[in-house]
2 protein chains.
Amino acid sequence: MIQVNDNFIKLPGNYLFSSIAKKVNAFKSAHPEAALIRLGIGDVTRPLPPASIKAMHRAVDELADAGTFHGYGPEQGYDFLIQAILEHDYRSRGVELRPTEIFVSDGAKSDTGNFGDILGTGNKVAVTDPVYPVYIDSNVMAGRAGELQANGQWNRLTYLPCTAENHFIPSLPQESVDMIYLCYPNNPTGTTLTKAELQKWVDYALAHKALILYDAAYEAYICESDVPHSIYEIEGARSCAVEFRSFSKTAGFTGVRCGYTVVPEEVKAMTASGEQVALNHLWNRRQCTKFNGTSYITQRGAEAIYTAEGQAEIKETISYYMENARLMREGLLSAGFTLYGGVNAPYIWVKAPEGLDSWSFFEMLLHEVNVVGTPGVGFGPSGEGFLRLTAFGKREDCQEAMNRIKNWAGR
Amino acid sequence: MIQVNDNFIKLPGNYLFSSIAKKVNAFKSAHPEAALIRLGIGDVTRPLPPASIKAMHRAVDELADAGTFHGYGPEQGYDFLIQAILEHDYRSRGVELRPTEIFVSDGAKSDTGNFGDILGTGNKVAVTDPVYPVYIDSNVMAGRAGELQANGQWNRLTYLPCTAENHFIPSLPQESVDMIYLCYPNNPTGTTLTKAELQKWVDYALAHKALILYDAAYEAYICESDVPHSIYEIEGARSCAVEFRSFSKTAGFTGVRCGYTVVPEEVKAMTASGEQVALNHLWNRRQCTKFNGTSYITQRGAEAIYTAEGQAEIKETISYYMENARLMREGLLSAGFTLYGGVNAPYIWVKAPEGLDSWSFFEMLLHEVNVVGTPGVGFGPSGEGFLRLTAFGKREDCQEAMNRIKNWAGR
């Protein structure tokens with residue numbers, strides 16, 4: 001009889017966003033007159049850059065004519081996009097990569113989720129806490145997480161707490177781990193690592209022959225100069241790290257779906273017989289077997305982001321969101337809150353007032369000022385006592401939310 | 001130290017298409033004047049239906065305006081597309097499915113490759129021979145195939161030979177198997193199963209509590225009335241089969257990337273503790289964790305295929321390819337070849353002349369008439385002695401190729 005992958009059965013339901021929806025709906029039923037402002041969403045609201053819009057219209061027209069039609073593209077992505085990535089995302093920062101080290105895809109969620117396909121199930125995995133849930137859930141599915149314990153943690157995962165006490169800088173693991181997920185700028189805390197801090201992780205990975213899975217989906221929001229945009233700005237990273245990038249937050253591609261993964265030739269892993277093999281070749285084989293390339297239209301839209309026009313347009317949109325973040329930081333600080341992030345990232349990690357946990361703080365903001373955030377504990381136990389706010393909303397909503405919060409704090 | 005998934009190391013390189021390319025390039029160097037005609041490719045050449053082009057332009061414009069912008073969509077696909085699928089692909093054929101049973105994706109290659117994620121690695125897998133290589137390779141990667149033997153077969157897979165002797169109708173396996181991949185209309189042979197023949201497979205699956213993974217990517221090419229378009233036209237299939245569909249060959253979406261997978265609620269599999277769980281829920285969890293939905297633009301383009309205009313347009317394109325197939329069948333038959341397929345499928349499976357194997361036949365056509373096919377043995381041992389030709393080329397190329405072949409045969 002057909003058997004399931006039993007690891008899937010171990011996964012509890014993910015109730016964070018449905019719990020939020022239930023509480024919000026109950027509130028709306030009781031207070032139909034309330035003007036709710038949602039600052040919890042992780043999705044963008046600004047339209048695509050006009051350069052991408054033009055490029056996608058052109059691409060659609062190409063597909064309308066047999067003479068310019070494009071069928072199956074390379075599973076790894078079109079060279080026009082790969083060359084733009086190499087030039088603008090890497091060469092401009094002093095990082096040289098080979099075209100065959102870039103794998104264009106339908107987004108960083110797919111890639112971070114699927115990358116484990118090529119890795120052994122016996123590898124020991126480290127994740128930060130709080131964390132983007134895909135890293136944990138995809139490892140549960142693969143059988144690397146072990147069993148769920150009463151405290152909500154998996155017994156085979158190594159958790160790296162990121163708290164106000166350690167300034168959200170995770171400590172190197174005590175034990176030896178094989179796979180380390182790092183996301184910087186961080187979702188959900190909005191914090192970053194300096195080059196010196198990231199160097200410690202690369203050194204650890206080299207010393208322990210571990211692999212860093214570096215999620216740089218929010219790279220475009222970095223403003224400060226000592227924050228690395230790519231892990232390959234760090235000495236030695238080419239031998240121990242893969243990097244995930246996304247156009248979702250950079251250029252509003254959440255509904256268009258495009259990202260890419262960098263797998264340098266030097267990154268190796270061991271076979272059962274003790275041989276070293278390049279992960280680049282295994283990932284290529286995985287993608288050629290279980291993926292069929294990214295839409296031509298989408299890739300033309302992504303290429304256009306790298307034109308002078310496209311660069312100016314995405315900078316404007318990112319500035320819009322970061323001005324939201326600045327207003328929100330300022331408003332929350334003047335209302336007496338303690339907060340983190342929001343400087344190099346579109347996420348603000350707000351500490352709940354003394355004595356409140358994440359959900360009580362969530363309820364308080366919902367009921368007192370009709371503002372919806374995301375309870376930090378939903379991202380892991382170390383998120384308890386925090387709330388995530390995002391800067392992806394409309395300017396007027398951010399301003400109104402801050403006015404309400406300041407008035408409420410001043411009462 | 002980081003370990004690889006050792007199953008990947010077992011995979012031999014896939015040299016079929018690179019071997020073809022090398023031989024073709026060597027021929028071109030030696031005979032630069034020759035006008036090669038490629039009838040081996042599995043990619044479409046006709047442009048997209050104008051209805052889809054219009055819909056995609058509209059969708060691109062929606063993404064240009066904050067008021068109509070679409071960010072993250074449902075991982076399962078937009079309801080507008082799911083409703084069109086339910087109505088036109090299923091209700092029209094007397095099959096009722098629920099919206100939650102449809103999972104829109106970036107294509108059938110991803111879905112057939114990824115579906116194994118939710119299934120146990122101990123399941124016994126059956127594949128037809130010849131076969132679309134993704135079914136085998138993705139199971140090798142998951143560890144279900146065992147070891148590669150000297151005869152090119154994997155010791156834990158059950159092969160179901162499809163030969164001229166059994167009229168390309170595979171026999172039910174002697175042993176009990178848990179997962180059965182069936183692709184009809186078939187790639188590469190172009191053959192089909194009647195309802196009565198498919199019923200035997202459904203009955204086998206029900207009796208053995210096995211799962212049928214039914215790939216119906218070429219469904220739109222079916223002309224004959226006794227050929228089922230969906231496995232759900234077969235009694236009992238709702239309890240034992242998932243179905244993969246694609247817009248690639250139906251509407252020229254090979255470069256746009258859209259397909260869908262049907263997972264009826266009744267399809268169950270067993271956990272280690274003997275409990276029955278619905279695969280629908282596990283696939284939903286897999287997609288929500290490791291996939292982030294299909295491009296909004298793409299889904300609007302796919303929806304347009306189901307309008308009256310879109311239906312007329314895709315029928316015209318499919319007729320174009322099937323007229324190619326008819327011309328090719330006629331030409332090859334009149335040149336004295338034995339062939340199969342090409343009636344309900346865009347693939348023609350040509351028997352090599354007596355005494356020639358697949359590669360010798362390939363070389364003969366390349367050198368004598370400058371026509372490129374795909375050696376059947378590349379799809380599995382039972383493909384030896386055959387060549388796959390596709391009807392996706394230009395009309396004039398198909399005609400010219402047949403003229404050359406007829407002249408050459410008449411010499």
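Note: Cβ is positioned from N, Cα and C throughout, glycine not excepted.
Feature annotations, reproduced from TrEMBL:
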- A:Tyr15, A:Gly42, A:Lys109, A:Tyr132, A:Asn187, A:Asn292, A:Arg388: substrate binding site (BINDING)
- A:Tyr72, A:Ala108, A:Lys109, A:Tyr132, A:Asn187, A:Tyr218, A:Ser246, A:Phe247, A:Ser248, A:Arg257, A:Asn292: pyridoxal 5'-phosphate binding site (BINDING)
- A:36-405: domain 'Aminotransferase class I/classII large' (DOMAIN)
- A:Lys249: N6-(pyridoxal phosphate)lysine (MOD_RES)
A:Tyr15, A:Gly42, A:Lys109, A:Asn292 filtered to the binding-site residues whose C-alpha is within 10 Å of A:Tyr72 (pyridoxal 5'-phosphate binding site): A:Asn292
Assigned conformation of A:Lys109 (substrate binding site) - DSSP reduced to three states: helix
Among A:Tyr15, A:Tyr72, A:Tyr132, the most crowded of the binding-site residues [Cβ within 10 Å]: A:Tyr132
Packing count at A:Ser246 (pyridoxal 5'-phosphate binding site) (other Cβ atoms within 10 Å of its Cβ): 27
Packing count at A:Gly42 (substrate binding site) (other Cβ atoms within 10 Å of its Cβ): 19
Distance [Cα-Cα, Å, rounded] between A:Arg388 (substrate binding site) and A:Ser248 (pyridoxal 5'-phosphate binding site): 19
Binding-site residues near chain B, Cβ-Cβ under 8 Å, from A:Tyr72, A:Asn187, A:Asn292: A:Tyr72, A:Asn292
List of residues, in chain order, with Cβ under 8 A from that of A:Asn187 (substrate binding site) and at least 6 apart: A:Gly42, A:Tyr132, A:Ala217, A:Tyr218, A:Ala345, A:Tyr347
Distance check against A:Ser246 (pyridoxal 5'-phosphate binding site) for the binding-site residues A:Tyr15, A:Lys109, A:Asn292, keeping those with Cα within 10 Å: A:Lys109
Spatial neighbour of the residue listed as 'N6-(pyridoxal phosphate)lysine' that is closest, considering only the binding-site residues A:Tyr15, A:Lys109, A:Asn292 and their CA atoms: A:Lys109
Distance, A:Ser248 (pyridoxal 5'-phosphate binding site) to A:Lys109 (substrate binding site) (CA atoms, angstrom): 10
Rounded to the nearest Å - Cα separation of A:Tyr15 (substrate binding site) and A:Ser248 (pyridoxal 5'-phosphate binding site): 24
